[in-house]
Amino acid sequence: MYETSVFETVGWEWQYTPFTPILLAAGSIMASIGVYAWQNREVTGASSFAALMVGTALWAITYAFQLAGANEAMIGFWADANHVGVTIVPVAWFCFTLQFAARDRWLNRRTILGLSVVPAVYLLLVSTNRYHHLVREPIETKHVADGTLVVSQHEFGIAFWAHAAYSYTLMAVGVLVLTHLLFWSPRVYRRQVGLLIVGAAIAGATNVLYHAGFGPLPYVDLTAFSFTISGFLFFLAIYHYRLFDLTPVARSLIVDTLQDGMIVLNTDDRVVDINESAGRLLAVDPDDVIGDPFESLFPDDGTFVDPTRYDPTERTDGGVTTDPDSTTEPSSETGRTTVPPPLLEFPSSEESVDVGPSVSSTPTDESSPNEAEFVVGRGATRRHLRLTSTPVRGVGDDLLGRSIVVRDVTETRRLQAEVEETLERLRRSNAELESFAGVVSHDLREPLRTIEQSLSIVEPNADELDPEHAEFVRVARENAQRAQRMIADLLAYSKIERETNEFGPVDCDRLVTEVLDGLRFEIDDRNATVDVDELPTVHGVDHLLRRLFQNLLANALEYSGDEPPEITVSGERNGSTWVFTVQDSGVGIAPEYADRVFDLFERGDRTSDGGGTGMGLAICEKIVAIHDGRIDVDSTPGVGTSITFEIPIEPPTE
């Protein structure tokens, strides 16, 4: 039996029933969920869901006060107020389901206002019902439960039933949209969608049964009570299955627009989801392969290969082939291409990385065994598809399935083949150059040496020749010597990168001192002054840096002009580099030649001395490049030349 007490406040008579706290609790739950949804309103569908929860909260709370009324005045007021929530729920539900399922292309402010016209007209009729009774007949009260409970008794009008039909239609369409979503969604989405459908179905079915006269308590509409169950289910969808973090709409907007293919498998290796890119890459219709075995996606004439054993240099029929030992042939029993087992192996849960309360994934990298490559087609139509698989785990490390990323790496493989071919050509060219260098070293230097030696025998007796022929002998010998130096420099230039260049600490103070000792005769002969600042220890190749300073200092002496040369060598730190400068007071370089002094055989028109080969600065530039540095020249004709080079303080990258 229900206990009641009745008192009057501003014409209202109240009664206390066990229904009231239950409904107030249900309303509070729905309102709390609505507040949370509103805090996530930047997520598609969250605003509509918040409106839905607010509508159900108003429905439950106003109905709680309606049941607490014990006279026509109070019951009538709260019955009218109850219609506010009743009109909000269907429209909000309809909008939410469309947004959640990514079917909201036409859903905008104008269409939402259009959907709200019927509820607005209905609320206007509710507020003026006393004049036309289109919503309901006047309320009468009756006592039930042995006279301990006062309830309302009235007949609904045509406006009520018209609005009910409109509301049921919107609710039904929303349920159908989610039901369709349920069938094609991956398993991780189905739990969310299922909870939403069940929660809505419970409330909707309860309302229909009440108005059809089949409710267990004919004098109490249990729809608002069902919101307690619906609220719990919606709570699970939001907090446990992350409704606003893992939505099919996100899947539609993100997964379907990926250039890479995405396939989701269940634990039986059957396809539960596949995006448009994967369908295009595998030449299948995504709608037709849902539920099919993963192996059925691949053409029978294709081959799986191990990407770690791929050899892009082998070709067949104009296409790139692979190591035959790394391929997987079609199954002899099914005639179907067999997926390599490592691609579908499921690592232990310890190998997974948690990415949320409901889903986790296992990362892979380029060397992961959970990779394979599928090669299909021949010649110009040959395609290479790289597949990377990742296990997906749910709550409690339950294995939900596996996601497969499919990438078209055909262009990458083609470029790799071209790079390998280019490298092979370079290797052959280097080998030919080395062979040529050997020929030059032996077949050219030896005759030149013989010529130079023969001329050196003739030259002391040049006074026996007429002046013209004596000059011919002198010039011929100098040119023979210059040709030998040029060949030596050319060989040195070609060997720089092929020599064993071991980087290590190099004391530049020691190095320059040793170079100057080797140039002591030239320094004394030209009466040169050489000032050397304190130089740092750098990370470099000793013999290359020695040649670098040797060439720069020899150039400074060679192109000194008629005056005794003044040469300065300095080195200092500038940020992350060492900066060295070799400055002289020689003849300088004309501006039009300054940009070409580092080219092979370019002498900068420094014709005061004909002994140069035009190779010295080219060798310097190559040495600096090996050290990941740069070299520049600043020269003024008649004043001198300053050559600056920089090398990193840190060792160069491999």
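Cβ atoms are placed via backbone N, Cα and C, with glycine included.
Residues annotated as transmembrane segment in TrEMBL: 20-38 (among others). Residues of the same chain lying 6 or more positions beyond the ends of the transmembrane segment (20-38) and with a Cβ under 8 Å from any Cβ of it are 46-47, 49-54, 56-61, 63-65, 67-68, 224-225, 227-228, 230-232, 234-235, 238, 244.
The transmembrane segment annotation in TrEMBL covers 50-69 (among others).
Taking Cβ pairs closer than 8 Å, the transmembrane segment (81-100) reaches residues 44-45, 48-49, 51-52, 54-63, 65-66, 107, 112, 115-116, 119-120, 122-123, 126, 135, 163, 166-168, 170-171, 173-175, 177-178, 181, 196, 200, 247-249 in its own chain, all 6 or more past its ends. The transmembrane segment annotation in TrEMBL covers 81-100 (among others).
Annotation source TrEMBL lists transmembrane segment at 112-131 (among others).
The transmembrane segment annotation in TrEMBL covers 158-181 (among others).
Nonlocal intrachain contacts for the transmembrane segment (193-210), taken as residues 6+ away from its ends with a CB within less than 8 angstroms of a stretch CB, comprise 56, 93, 97, 100, 168, 171-172, 174-175, 178-179, 181-182, 185, 221-223, 225-227, 229-231, 233-234, 236-237, 241, 248. What TrEMBL records for 193-210 (among others) is transmembrane segment.
For 222-241 (among others), the entry in TrEMBL reads transmembrane segment. Outside the transmembrane segment (222-241), and at least 6 residues removed from its termini, the chain residues within Cβ reach (under 8 Å) are 19, 22-23, 25-27, 29-30, 33, 36-37, 53, 56, 59-60, 63-64, 191-192, 195-196, 198-200, 202-203, 206-207, 210, 215-216, 357-358, 395.
The region 'Disordered' annotation in TrEMBL covers 295-377.
Annotation source TrEMBL lists compositional bias 'Basic and acidic residues' at 308-317.
What TrEMBL records for 358-370 is compositional bias 'Polar residues'.
DSSP places the residues of the domain 'PAC' (368-421) in helix, strand and coil in these numbers: 18 helix, 27 strand, 9 coil. TrEMBL lists 368-421 with the feature domain 'PAC'.
Confidence in the coiled coil (409-436), given as mean pLDDT, stands at 82. According to TrEMBL, the feature coiled coil maps to 409-436.
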